[in-house]
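First the structure, in the form of structure tokens, and then the observations on it.
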Amino acid sequence: MSTFKKHRGLLLEAACILSVGLVVLLTAIFGHPYQRGFFCDDDSIRYPLVSETITTPQVAIASFVIPIPIIFAVECYRLLETSTPRDSWHSVSRAVLRSFLEVYGIFVFGSGLSQVTVDMGKLTVGRLRPHFLAVCQPDNLDQLCPSDTAHTYITDIHCTGSPGTVEEGRLSFPSGHAALTFYAAIYVVVFLRHRLYWRAVRFPNYLLQAGLVFAAWFTSLSRVQNFMHHPTDVLAGAIIGTFWAIVVTRFVINMKVDSEQMSKDDLRSLRATPTHLQGPNSV
């Protein structure tokens, strides 16, 4: 019982993260998009199917793996810098691990909220991807769209393509790639802005932050280049990812650390305090 009380804060945080992850998983398994039709003269969905510059597994791995060494290295530096010879290696290492798990755990939690928002948009709107007709391969398009009915809206579409590929073709809005990459980039940028205050690495820090944003921007542009999304899909995804990154870093976890006001004794006291007993302004 005492063990549960000691770690109940951590357990509740883990439960929240798992709950959001479960929603994402169930949506991926059981969710189906709205069956939207199209106008016969809509040229925006007549692009060819081409290979992706950055695939979904690649963007997922990069977005979740790249922040790990960055967060861990910064937290190691920040806590080791404030330690003294009186602090044991065990206490310092535990403080580093606890701080890393808090920052990265909240990162995962926010990414789940961003993904839920993206999935709601995809399934509710059902916007057709630019290459929809290439994957649908309708066998009755000439009958539904004769030359004298150019602006006719049709819904009775019989696709001959793979059902899974056709369903993916209805998930254009918003862009999941843009949402995830911008979420990861902005979250880490805010983290570096408030946690890495060593003047010697100020400009490399700025360069790293810019590189993260550029990587997210390039990934988003590649989705338009590969005819996977319309420009507005990418814009919406970038807004969603940025929104959740700001909300999480502003209201869920306090990234700000004042290196001048927070003394070494305060940090040592913080390292000795269980995470669930720390206040809303804790590290």
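The backbone N, Cα and C atoms fix where each Cβ goes, and this holds for glycine too.
Record features, source TrEMBL:
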type	residues	note
DOMAIN	104-249	domain 'Phosphatidic acid phosphatase type 2/haloperoxidase'
TRANSMEM	12-34	transmembrane segment
TRANSMEM	54-74	transmembrane segment
TRANSMEM	95-113	transmembrane segment
TRANSMEM	171-192	transmembrane segment
TRANSMEM	204-222	transmembrane segment
TRANSMEM	234-253	transmembrane segment
**Q.** Residues from the same chain, set at least six apart from the ends of the transmembrane segment (204-222), whose C-beta lies under 8 A from its own
**A.** 52-54, 59, 62, 66, 70, 175, 177-178, 181-182, 184-186, 188-189, 192-193, 196, 234, 237-238, 241
Q. Between the transmembrane segment (234-253) and the transmembrane segment (12-34), are there at least three Cβ pairs closer than 8 Å, leaving out pairs fewer than 6 positions apart?
A. no
**Q.** Per Cβ pairs under 8 Å, the stretch of 12-34, 54-74, 95-113 packing most closely against the transmembrane segment (171-192)
**A.** 54-74
Q: Please spell out the DSSP helix, strand and coil residue counts for the domain 'Phosphatidic acid phosphatase type 2/haloperoxidase' (104-249).
A: 103 helix, 4 strand, 39 coil
Q: State the non-local partners of the transmembrane segment (54-74) in its own chain: residues 6+ outside its ends, Cβ under 8 Å from one of its Cβ atoms.
A: 96, 100, 103-104, 107-108, 111, 176-177, 180-181, 183-184, 187-188, 191-192, 195-196, 208, 212, 215, 219, 222
Q) Taking the domain 'Phosphatidic acid phosphatase type 2/haloperoxidase' (104-249) alone, what is its mean pLDDT? A) 94
